[in-house]
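Asks: If you look up TrEMBL, you'll see B:6-23, B:35-54, B:60-82 marked as transmembrane segment.
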There are 2 protein chains.
Amino acid sequence: MNVEILGLIAGALTAIASMPQLIKVIKTKNVEDISWLMLVILISGLSLWVWYGFEQNELPIILSNSFAVLVNLTLLICYFIFRDKK
Amino acid sequence: MNVEILGLIAGALTAIASMPQLIKVIKTKNVEDISWLMLVILISGLSLWVWYGFEQNELPIILSNSFAVLVNLTLLICYFIFRDKK
């Protein structure tokens with residue numbers, strides 16, 4: 001199999017798996033199970049993966065980690081919006 | 001910066017960020033917020049990333065995704081152990 005297609009399928013699967021938490025948080029507006037510190041660590045790590053992808057010139061790495069950064073940044077924003085609305 | 005070190009730091013950060021959920025599930029034995037289907041999709045995606053890492057011969061990809069497969073397999077096992085203990 002073409003290795004770039006392999007990476008894109010891998011990225012699509014890990015992206016799909018990240019959506020339910022985001023949908024749940026937006027629907028329920030409940031963020032008490034979320035740790036903002038862990039989100040910040042995760043977003044830092046994912047951003048370094050994007051950087052790594054650019055250094056290695058690998059599209060699947062860049063696309064999947066950029067998507068994950070977006071999802072987790074949205075979760076972080078939701079956290080600060082919904083945190084005080086209890 | 002050496003790109004392999006960049007990848008290893010990125011992998012360490014995303015690995016650290018995955019630990020609190022596992023620790024919480026083991027401590028509380030509460031798995032009602034976990035979707036086994038999403039875990040299966042995630043583990044499939046992460047396994048393809050490990051394959052991708054071997055195809056590209058990139059140690060940071062192989063190490064970080066193998067670790068994530070282990071963490072999420074443990075979560076899946078916890079899910080089936082704790083699911084009926086309510």
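Any Cβ shown, glycine's included, is placed from N, Cα and C.
A TrEMBL annotation is a machine prediction, not a hand-curated record.
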Asks: With a cut-off of 8 Å between Cβ atoms, can you find at least three pairs linking the transmembrane segment (B:35-54) to the transmembrane segment (B:60-82)? Only pairs 6 or more residues apart in sequence count.
Replies: yes
Asks: Within the same chain, where does the transmembrane segment (B:6-23) have neighbours whose Cβ lies under 8 angstroms from its own Cβ atoms, ignoring anything closer than 6 residues to its ends? I mean 6 or more beyond.
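Replies: Answer is 58-61, 63-64, 67-68, 71-72, 74-75, 78.
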